[in-house]
Amino acid sequence: MSSSHTIQETKEVHTKTNKRIQWDDLDPKRYYFYNFLLGGSIDLLMFPLDVIRTRLQVQGSQNVIQSFPQYNGTFDGFKKLIRLEGKRALYKGFLTSECGYLCSRAIYFGSYEFVKQGFLKGRSDSDSDLLFVTTISGAISEALASVIWVPFDVATQSVQIQGSLSKPKYKGGSDVFKKIYGERGIKGLYKGFGATIIRNVPYSGIWWGTYEISKSKLTQFNIRQKLGLKERSSHSLAVSAEIDKNNPSHEVENEDPIIHFISGFFAAVFATSITNPLDVAKTRLQTGVFPENEKPNFYTIIKSTIRKEGIRALWKGLVPSLLTSTPYSMISIFLYEEVKKLSLK
């Protein structure tokens, strides 16, 4: 990090005299470069769990052509997939997913920081204001990113559910785009868009609200001291005015990475558990094959699932979802907060 970002060494007790890092404090070029690098690296590690999650969520649905054997849980799914389809199958749809994810990620995080900064202006530092602003900002950023993400999500999941028990319909992600567009037009690529919004927007709002409140509470609780960890020597970071003359030099809070890590865990567990039924319905709606005279929607999918499989079916895939979202959330938010520090002007 350059000298303009030098951490101000101090042994003083942390206070709220330094503001949090905001959008105006960041250099966009560095911010987006580090975000792309970060997102791709984490996805490479976590994608296999996403394949298993998708298959678990669609198995048992009468509207999805199942070409893989019945999985009796996450680990059984891994065992059968590798044995029958090989290790490469763990990354089915990865390139398609990554193209959409990296583009939507840029919109998602950038819009979150920008919208949050706008909403926080003129508001107090109270937890209630923080919860409201971050929840709304998270929801808005997800809605914007979903416009880019949904077609790639449809293509990715269509490839992920193709097993070894029948001839695959699609050769890959690009083939999915070509065939779906040819058969159903742009509407086919946005199949389940409403369901995605209904699932992802609440998830994002709940996640960010939980995360930011957890950060605030853990800071007040002095979690580092409670865990018996060494006191940090630096509590502020310098922002230079060299890049943006309209944003004078000032200091921002150097937040504790331990707090980011723990808050990411709380946010993932809470948001994933609450919205899993919405995720099951979204996946089935996007990957299902329905009669021409049948026009399924979010409500009918959930109603049909409960009637035919019981209410517990709405939590299918929760374990792999938690195994994916929790470490992903903890690691990605920890690194994302560090990216913000590296991207200071």
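Including glycine, each Cβ sits where the backbone N, Cα and C put it.
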Same side of the membrane for G60 and S126, as recorded in Swiss-Prot? no
Between the stretches 130-150, 258-278, 317-337, which one has more Cβ pairs under 8 Å with the transmembrane segment (32-52) than any other? 317-337
Please indicate, using numbers and ranges, the residues of the same chain that are 6 or more beyond the topological domain 'Mitochondrial matrix' (53-88) and have a C-beta under 8 Å from a C-beta there. 157, 160-166, 168, 279-280, 283-284, 287-290, 296, 305, 308-309, 313, 316-317, 319-321, 323-324
Counts of helix, strand and coil residues, the topological domain 'Mitochondrial matrix' (279-316), according to DSSP: 26 helix, 0 strand, 12 coil
